[in-house]
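Peer 1: My questions all concern the structure below.
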Amino acid sequence: MAVAYTLLVLFLAVFVAGFVLLILGAINFDFSNSEIPPGVNEPVKLRIIHIMLISRAVVGKILENIGICSQVNFVRYMQDRKTLRVDPKLLIKDLWFEKVPVRIYQLKAPSASQRRGVMFFHGGGWVFGSLETHERLCRSIARESESVVVSVGYRLAPEHKYPAAYEDCLNATIHFMKNAEHYGVDPANITVCGDSAGGNLAAAVSQTLAGRSDLPSLRAQVLIYPGLQALDFNLPSYHQNRGVPPLFRERAAFYMLQYLNGNASNLEEVLEGSHIPIDIKLNYGKWVSPDHIPPEFKVRGYKPHVLLDCSTKTYETVKRFCEPNLCPLLAEDAVVQQLPQSFILTCEYDVLRDDGLLYKKRLEDNGVPVTWYHLEDGFHGIINSFDTDCLSFPSGK
């Protein structure tokens, strides 16, 4: 018995040691491929967040390899382990809009007039994120802007490929617009809002609803460091910030492919730019090109990328990247001209920075009023940590 106990203890010790070494090895590998730019405020905090994200992913991969659960499901589970106290100022309800789960945040205090409404689409690369991950943010928006906020729990990839997430957000928004008065909201004062992948969905929904005569016009669109195109992952920001956590250049392309096809088999072609025929890229060059990025955003070591052609087989698998519902930056001028007043947030140390800059230019060129706010020390995902005590950042707040 004593020998068996000793062997069990030794086995557990070796297992734990190996487990720790595996995590440390993965962290070290990610560190060697990552960079915290000197312009980031409080870099130690960002490094800690990065370590936490890597550790979670590694544990998930181990659990997947031994057959307990998939890495994606483990990360989602860990993300959702957030319990918040009851908010004394808000009434919070979980409902369904057209078979789409939503969470509504309403102020308890009565209002003399109809309130504004906000449709919120969470980020997470279309693969992660949920009603829980953005609970703090939605509560804050509801309180500070005195709005009724509807957070949408759209279907996620890779289980549900494009256009599932887009369709869920669109259907939930239309339902809310048709029933706004039931929630004390002015139907003519509804905004769509989202961060990262949610910004992509907000832009796509806004374009789809532009010009519809059977619904009131959207009041505005609020796009927080949105990802808006998949034609060119070699724009200046993608190279300058390719190793800045938490969103590496490779991960941005990986998530887009997960949303499109449920896999990332064409990742290398997408990264090198050999996934779209040259003639199509040149056609969209009027909207998606480094030439449209202001010079001040190219000074940080950017080198132009050589255009590469692609095979017919590769293009067939990713040709839906040219659909505006997936890549809103590619919408025609006639659609863009009808868009509502817009707010765009970009971060200097974010691979998606130039997507926001290019869309800002498109909106301005088509006469759409745009408010642009650029965080000089910001990085992707910074708004998610606005209210996390010791790991929050002034710019996020």
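From the backbone N, Cα and C atoms, a Cβ is placed for every residue, glycine too.
Below, the features straight out of TrEMBL:
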TRANSMEM  7-27  transmembrane segment
DOMAIN    118-263  domain 'Alpha/beta hydrolase fold-3'
ACT_SITE  Ser196  active site
DOMAIN    318-383  domain 'Alpha/beta hydrolase fold-3'
ACT_SITE  Asp350  active site
ACT_SITE  His380  active site
Peer 1: Calculate the distance in Å between the alpha carbons (Cα) of Asp350 (active site) and Ser196 (active site), and round it to a whole number.
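Peer 2: A Cα-Cα distance of 10 Å.
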Peer 1: Which value does the mean pLDDT take for the domain 'Alpha/beta hydrolase fold-3' (318-383) in this predicted structure?
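Peer 2: It averages 98.
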Peer 1: What are the sequence-distant neighbours of His380 (active site), meaning same chain, six or more residues apart, C-beta distance under 8 angstroms?
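Peer 2: Ser196, Tyr225, Val244, Pro246, Leu247, Cys347, Tyr349, Asp350, Val351, Leu352 - these are the non-local Cβ neighbours of His380 (active site), listed in sequence order.
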Peer 1: What's the number of neighbouring CB atoms sitting within 10 A of the CB on Asp350 (active site)?
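Peer 2: Around the Cβ of Asp350 (active site), 27 other Cβ atoms lie within 10 Å.
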